[in-house]
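The next block holds one structure in the form of structure tokens; read it before the comments.
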Amino acid sequence: MAVEKQAANIEQPYNDGPNDKDYDMGVESGQDLDVAAGFLAKLDPGVKDLPISDKEARRCLWKIDLAILPILTFSVIIAAVDKVVLSNAAIYGMKADTDLKENEYSWVGSIFYFGYLIFEYPAGYILQKLPVARVFAVTSFCWGALMMCTAAAQNFGGLAACRFLMGMAEAFIFPLCALVTVMWWKNDEQPIRAAIYLSQGSSIFTGIVSYGIGHAHTSIASWRLLFLVLGGFSILWAGIVWIFLPDSPTTCWYMSDRQKYICLQRIRGNNTGLEEKDRVKWRQVRECMEDPRTWLLFVFSIAQNIPNGGIITFSAIIVSGLGYSTLNTTLLGIPTGIIATLWAWLMAWPAGRLKNARCLIIAGANCVTIVCSVLMWKLPRSNQHGLLAAYYVFYTYWGPYCMAQTLYMSNTSGHSKKVSMGAVYFVGYCVGNVRIWPERALLQCCPHFDADNVNTDHWTTGIPG
């Protein structure tokens, strides 16, 4: 009986399935073998002959979660800080010091996404050619350097140039996270991990740092100091990413060959491959462009990010416009991150347990955002706390956004196709965030919230279904 119980806890060893030569982790055999197949072909047979126990697999997953997940989480926080900090800098005097007109401030927020949009496809090509972890570290360094350069801006031109270049550098972050996710976690493990690393920790982190800087008494303007401090964090973090984030499970220096093998076995059922460097498979690129799911996700990405483009750029200005002081406004931004994070986690729980339910969950969750949009539109301006509460809960729009990040990657096989679909998805992300009417949406109405958000959320509810 004990022997039977033990046998039940043993997974099938790799060499009971297809042999190493033919095993392609979701890509073609022969010349097109990816990194995983190359590693397995050279692996000592003794490492593969031992069956993998449940305990061994759980220990490996635990190590992945402790090593990879924190790196992704803080990297996303650092990358998102540059967007969140802009509105805090505005209430700390940036608009006055750089002589920004209202329309110019709106374009400082939007021009970031023009840089992102222009560099999205070059970023995809670079990710096809260069090691993932090294690109991750270099882009993190670039974010920090450009954020520190922003502190030296004296006018609209300087701010716009820095923001445009930051958009180009950030074009890598979400495709990188998606690629790393499918390299390390199984499909049913991905929603909760994505919800964790895509959490709105940037609002919490920026709110705390901004509040502290607001109490500082230095010769440097508070908004400039804010960019310098947060940029410094990013540069330091780049070194950590360079050291501790591997390009793939096969190159992880703090894992044994046995653990690397277990990592590959765990994601074998994903059929999404690892990475295939040195050449672009144009057949996979063509498949991506001909796949109707690509364009459904593209339209969804536009719709989901239209409210994001306005609410992030003007977040502190909106709260300040309700009558709160500058310092209190920075603190009142923290709950938005908490609510967005908890909602994303709440959505991820059923998504990881129910098959083929992610699109339905996304559509249902956006209904909450619609209700908040109506409240922000119709509540009387004298109802300060009611408007603030509706504004807070509006941030539940972040949950569907997080879930969509893994939706396209976990359903796409082949490295070239994944990178191409990611590029299309994030072109939609940029188009939505740019806001075709940036000077109108929130500036003219702030703090009188525009019905624009209501219409947008009707779009985002309908599209996933």
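Glycine is treated like the rest: Cβ placed from N, Cα and C.
Annotated region 'Disordered' per TrEMBL: 1-23, in sequence order.
The transmembrane segment annotation in TrEMBL covers 66-85 (among others).
Per TrEMBL, domain 'Major facilitator superfamily (MFS) profile' is recorded for 68-465.
Positions annotated as transmembrane segment by TrEMBL: 105-123 (among others). Under 8 Å from some Cβ of the transmembrane segment (105-123) lie the Cβ atoms of residues 82-83, 86, 90, 95, 156, 159-160, 163-168, 170-172, 175, 309, 312-314, 423, 426-427, 429-431, 433-435, 438-439, 443, all in the same chain and six or more residues away from its ends.
What TrEMBL records for 135-153 (among others) is transmembrane segment.
Residues 64, 68, 72, 75-76, 79, 82, 111-120, 122-124, 126-127, 132, 135-136, 139, 142-143, 146-147, 150, 193-194, 197-198, 245, 248-249, 263, 267, 270, 272, 274-275, 405-406, 408-410, 415, 418-419, 422-423, 426, 429 of the same chain sit 6 or more residues outside the transmembrane segment (165-185) yet have a Cβ under 8 Å from a Cβ within it. The annotation transmembrane segment is assigned in TrEMBL to 165-185 (among others).
Under the heading transmembrane segment, TrEMBL lists 194-213 (among others). For the transmembrane segment (194-213), same-chain residues at least 6 beyond its ends with a Cβ under 8 Å from one of its own Cβ atoms are 69, 72-81, 83-85, 88, 92, 177, 181, 222, 225-226, 229-230, 315, 327, 330-331, 333-334, 336-341, 344-345, 347-348, 395, 398-399, 401-403, 405-406.
The feature transmembrane segment is assigned by TrEMBL to 225-245 (among others).
The annotation transmembrane segment is assigned in TrEMBL to 295-319 (among others).
Annotated transmembrane segment per TrEMBL: 331-352 (among others), in sequence order. Proximity of distant same-chain residues to the transmembrane segment (331-352), defined by a Cβ-Cβ separation under 8 Å and at least 6 residues beyond the stretch ends, is recorded for 84, 88, 188-192, 194-196, 198-208, 210-211, 315-316, 319, 324, 358, 361-362, 365, 368, 388, 391-393, 395-400, 402-403.
If you look up TrEMBL, you'll see 359-377 (among others) marked as transmembrane segment.
Annotation source TrEMBL lists transmembrane segment at 389-408 (among others). Non-local neighbours of the transmembrane segment (389-408) in the same chain are 174, 177-178, 181, 190-191, 194-195, 198-200, 293-294, 297, 300-301, 304-305, 307-308, 311, 318-319, 335-337, 339-341, 343-344, 346-348, 351, 358-359, 361-362, 365-366, 368-369, 372-373, 375-376, 379, 421-422, 425, 449, 453, 457, 460, 464; each lies 6+ residues outside the stretch with a CB under 8 Å from one of its CB atoms.
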For the domain 'Major facilitator superfamily (MFS) profile' (68-465), the mean pLDDT of the predicted model: 81
